[in-house]
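Engineer: The following feature annotations were taken from TrEMBL:
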BINDING   Arg39, Arg45  NADP(+) binding site
BINDING   Arg128, Ala129, Ser130, Gln246, Ala247, Gly291, Lys306, Pro307, Ile308, Ala309, Thr310, Arg332  FMN binding site
Amino acid sequence: MRYLTAGESHGPRLTAIVEGLPSQLPLGKADIDPWLRKRQGGYGRGRRMVIETDEVQLMSGVRGGVTTGAPLTLDIENRDHRNWTEIMDPAAGNWPRKKALTDARPGHADLTGGIKYRHKDLRDVLERASARETAARVAVGSVALKLLSELGIEGANFVRQLASVQVNSPFSWDHLEAIENSDLRTWDEDAAAQMRELIDQAKVGGDTLGGILEVRFRGLPVGLGSFAHWDRKLDGRIAGAVMSVQAMKGVEIGRAFENAARPGSGVHDALYLDAERGYRRETNGAGGLEGGMTNGEELIVRVAMKPIATLMKPLPTVNVVTHEASDAARERSDTTAVPAAGVILQCVIGWVLAEAVLEKFGGDTLPELQERVAAARAYAAEY
Ligand SMILES: Cc1cc2nc3c(=O)[nH]c(=O)nc-3n(C[C@H](O)[C@H](O)[C@H](O)COP(=O)(O)O)c2cc1C
Ligand SMILES: C=C(O[C@@H]1CC(C(=O)O)=C[C@@H](OP(=O)(O)O)[C@H]1O)C(=O)O
């Protein structure tokens, strides 16, 4: 499978083309739009999310509610574009430009992107660097999640930490509903209240906040990915996908950083053979991956997101046209997007898992894939 996304943050639309999906996968707007709406949510987001009501149009690859095996085209409108038509017009004159951005924002792609692509209006960098692009990636990832769900694989995402507030209580799959109903994507209401307070303070102070997200998947068959060559190791592929999301700066499988301080006896998961359940572990220190492969336990991925780069109380910078010292540009922005990031991460990890499923099991159609996954599960249980 492969996909490509295109579209600017304030251009007319975002488009993705997905190729390599099996046919006969039930798919419709109702499988994608809820993910787009979730990505827009979360306490601390800016006014842009009031303007947008993201929904997908399926332009190709689906007929009669199932995939045909042809490339899928997913299209999302940028409602805000109507406020930017003149500025975003590809035929508009060059310099001087309306709304040109020349005070590079530290922490954003502005300065480096401007040097790299030789733009002096750093809006030409911002437009594609922006995490608006993640709407397209969520649409794509939600299709992967649908495929996984047809194979009995289920995911979850939630906020583990926002700024200094941590959620320390263990996650349970029974928390899913509470997470979906929470504007901080957590089941812990006390922690959520503290987070809201910090976000309010940051907003008043013109500052921004980051945090830690956790994504889990259960029901994964044994042996997705491979130990045999570096680019097929699933931990590397997951880390790559996760780090490709705007503002993600750290990733661990399970409690990797905590495990680093422990002896092996306190980390590795002893193996037992159970007459009913087959091979089993009583712990999951590995976070579901051993040797670059799924080991059948829950996959646990944690990701650190940096605070949003655009500050309403701006940092010192340089104007790239006048070369004079100035304050960084103050663009409309989120105070935090940590809850939204969990949704994006579940989608991009879901894509990697779906890709690994298709590599291992192949199949032009969903029923063939389902048969093969069932056979592999039966083999693993008997092994
Ligand atoms: C959901 C989401 C929303 C974001 N919103 C903003 C924002 O409003 N303002 C901003 O400066 N950065 C925002 N970012 C982060 C920037 O897009 C990101 O920091 C920038 O593209 C530079 O890339 P890097 O941080 O990966 O190095 C957001 C990121 C995500 C995932
Ligand atoms: C548009 C989205 O996020 C945007 C990501 C973003 C950035 O710099 O990454 C900057 C902001 O853009 P704007 O100035 O248009 O409000 C966010 O709103 C979105 O998530 O859909």
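Backbone N, Cα and C atoms are what each Cβ position is placed from, and that goes for glycine too.
Context for these features, please: burial, neighbours, distances.
Structural biologist: Residue density at Arg39 (NADP(+) binding site): 28 other Cβ atoms are found within 10 A of its Cβ, drawing on all protein chains shown.
Classification of Ser130 (FMN binding site) by DSSP places it in coil, neither helical nor stranded.
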Engineer: Quick one: of Ala247, Ile308, which of the binding-site residues has the smallest count of other CB atoms within 10 A?
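Structural biologist: Comparing Cβ neighbour counts within 10 Å for the binding-site residues Ala247, Ile308 gives Ala247.
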Engineer: Based on DSSP, name the secondary structure state of Arg45 (NADP(+) binding site): helix, strand or coil.
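Structural biologist: Looking at the DSSP assignment, Arg45 (NADP(+) binding site) belongs to neither helix nor strand, so coil.
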Engineer: Of the binding-site residues Arg39, Arg45, Ser130, Ala247, which ones put their CB under 6 Å from ligand 2?
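Structural biologist: If the test is a Cβ under 6 Å from any atom of ligand 2, the answer is Ser130.
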Engineer: Please give the greatest C-alpha separation between any two of the FMN-binding residues Arg128, Ala129, Ser130, Gln246, Ala247, Gly291, Lys306, Pro307, Ile308, Ala309, Thr310, Arg332, in angstrom, as a whole number.
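Structural biologist: Spelled out: the longest distance between any two Cα atoms in Arg128, Ala129, Ser130, Gln246, Ala247, Gly291, Lys306, Pro307, Ile308, Ala309, Thr310, Arg332 is 44 Å.
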